Amino acid sequence: MLRKGSVRYLILAFLLFWQGTLAAKVVSYGVEEDIFHPVYAKNGMVSSVNSTATQVGVEVLKQGGNAVDAAVAIGYTLAVTHPQAGNIGGGGFMLIRTKDGKTTAIDFREMAPSKATRDMFLDEKGNADSKKSLTSHLASGVPGTVAGFALANEKYGSIPVAELLKPAIKLAKEGFVVNDALADDLAVYGQEVLLDNPNSRAIFIKPDGTPWKKGDTLVQADLANSLSMIAADGPAAFYQGKIADEIADEMAKNGGLITKQDLAAYKAVERTPVSGTYKGYEIYSMPAPSSGGIHIIQILNILENFDLKAMGQNSADAIHVMSEAMKYAYADRSEYLGDPDFVKVPVSALTSKKYAKQLASQIHLDKANPSSTIKPGKLEPYESDQTTHYSVVDSQGNAVAVTYTLNTNFGSGIVAGKSGILLNNQMDDFSAKPGVPNVYGLIGGEANAVQAGKRPLSSMSPTIVTQDGKVVLVTGSPGGSRIITTVLQIVLNTIEFNMNIAEATNAPRIHHQWLPEEIRVEKGISTDTIKLLEKKGHKVSVKPTMGSTQSIIVTPEGLFGAADPRSKDDLAAGY
Ligand code: DON
């Protein structure tokens with residue numbers, strides 16, 4: 001059962017209702033003792049990685065905009081205030097549940113340029129060259145964000161995009177105060193990826209060669225200009241007009257592949273979400289070209305065969321069974337998943353209860369199966385490290401989950417000409433060579449090989465859970481390969497382990513991706529538990545935190561949200 005919150009919490013809720021949105025900020029997650037308490041709101045709520053973006057979204061909702069309107073305004077704001085991942089030079093996915101019970105998915109994933117070739121990321125010796133796929137002009141796929149937001153707005157929005165762009169344009173033009181999170185990321189990744197490109201350097205690095213610091217005001221005049229052109233001329237400004245010229249020129253001068261024709265040909269696509277069930281709940285998530293939804297449902301199906309609740313949340317037994325299930329899913333991912341417009345993805349077979357039962361029967365409760373003994377399953381014939389997530393629920397009952405990205409922090413680090421737009425390095429999500437891991441350690445093969453016009457396989461998993469047709473949970477996360485398991489744990493922690501959304505978010509996370517052969521855990525999993533897991537034959541590594549979930553629980557009494565305390569300056573707030 002989903003837990004809403006405690007009595008104490010309802011008192012807090014009353015106070016928040018009384019004092020409005022600003023009060024909601026008081027219970028954000030900068031304050032250590034608040035991390036186990038969700039934020040409450042009666043009408044609408046936003047949870048995002050950036051407090052400015054959250055406030056922009058809440059304002060749109062208050063003005064009568066719906067959740068899709070807020071999502072578009074938040075997305076454009078993040079492109080300014082969270083340039084690590086917020087973008088218009090990248091792509092992503094939007095999952096929408098309308099107030100009348102329709103669930104749909106907008107795919108605005110980047111596309112490989114028409115001149116892309118299978119071996120483009122190999123060096124002369126035939127080895128995969130990650131520099132090419134991560135930091136060169138070859139690293140970028142054709143961006144999808146502007147087209148995705150336009151499609152979502154056209155079909156499900158109620159306010160013109162030009163209006164929704166206003167806060168982002170103002171923040172880019174007049175500047176915003178650099179927060180802790182951006183200052184930290186500029187200090188680390190900024191120095192690695194932004195220094196080499198003169199256009200990026202001019203924006204993100206001060207003339208003295210040091211990055212912008214916390215408290216500085218960062219102005220992005222070129223980006224303001226590009227956003228204003230989109231406000232005036234719609235997506236045509238980006239895909240056919242001046243912005244397209246800047247991107248194509250940047251590519252032509254520097255050995256990149258994206259042409260004006262590639263930009264003009266880009267299309268965002270509306271797809272049917274992948275869906276499944278878990279113990280009476282309906283799960284909706286992103287279909288291919290994301291692997292996320294399929295494998296979250298596959299893992300949940302396997303886990304339905306075990307009594308996780310009796311084992312206990314984050315107990316050695318529960319972590320063991322979850323890790324074993326994850327291994328099977330990631331082995332299948334490496335073989336079967338790719339862009340559904342190019343390869344036949346066996347969705348029904350992978351998400352069938354029967355297949356899950358068969359996999360569950362191979363899991364031993366006392367002993368880990370070595371990854372070398374696990375291979376992608378034989379399926380029955382079937383029918384034909386920065387990303388950012390935000391969740392929105394409005395007062396009418398619409399819910400939106402968006403995960404979008406440049407891939408790694410600040411993408412390729414390349415700003416296209418005078419556009420002020422950072423370009424993605426999503427091409428690294430293709431399998432550069434069969435069996436060679438990408439930046440997240442994921443391996444793949446034929447189904448995810450580079451091909452002109454194809455979308456690289458993703459793990460991004462914006463997810464909505466319903467019960468009896470009513471939305472109960474909206475969630476998602478960044479985290480590369482760890483997105484799937486992070487979102488899975490939010491679902492399990494709330495609906496299986498009965499945690500409130502803040503507890504569910506804060507709980508230490510675990511992850512197994514088949515290869516490498518290890519359970520990766522966050523600090524907070526006890527040493528006793530780790531020893532028990534090692535006894536069962538697991539290698540356990542304690543590594544940095546995983547994911548940054550932004551979640552909202554919907555109940556008849558109101559909305560309960562939690563931003564992730566793993567990120568700085570993120571905020572769940574409502575009104
Ligand atoms: O689409 C994907 O799966 C990756 N490009 C996501 C990258 C990501 O989450 C990085 N963030 N930590």
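Cβ atoms are placed via backbone N, Cα and C, with glycine included.
No curator has checked TrEMBL annotations; they are predicted automatically.
Per TrEMBL, the L-glutamate site holds Arg109, Thr405, Leu406, Asn407, Ser458, Ser459, Gly480; the candidate it also names there, chosen from Asp129, Asp366, Asp429, is Asp429.
A helical conformation is recorded for Gly480 (L-glutamate binding site) in the three-state DSSP classification. Of all residue pairs in the L-glutamate-binding list (Arg109, Thr405, Leu406, Asn407, Asp429, Ser458, Ser459, Gly480), the one with the greatest Cα separation is 14 Å apart.
The two recorded residues, Ser458 (L-glutamate binding site) and Thr387 (active site, nucleophile), show a Cα separation of 11 Å. When the recorded positions Arg109, Thr387, Asp429, Gly480 are checked against ligand 1, Thr387, Asp429, Gly480 have a Cβ within less than 6 Å of one of its atoms. Cβ contacts within 10 Å of Thr405 (L-glutamate binding site), excluding its own Cβ and spanning all protein chains shown: 32.
Taking the centre of the Cβ atoms of Arg109, Thr405, Leu406, Asn407, Asp429, Ser458, Ser459, Gly480 as the L-glutamate site, the nearby residues of that chain (Cβ within 8 Å, site residues left out) are Gly91, Gly92, Thr387, Gln426, Pro456, Met460. Here Thr387 (active site, nucleophile) is positioned 13 angstrom away from Asp429 (L-glutamate binding site), judged by their C-alpha atoms. On the backbone, the CA of Asn407 (L-glutamate binding site) and the CA of Thr387 (active site, nucleophile) stand 6 Å apart.
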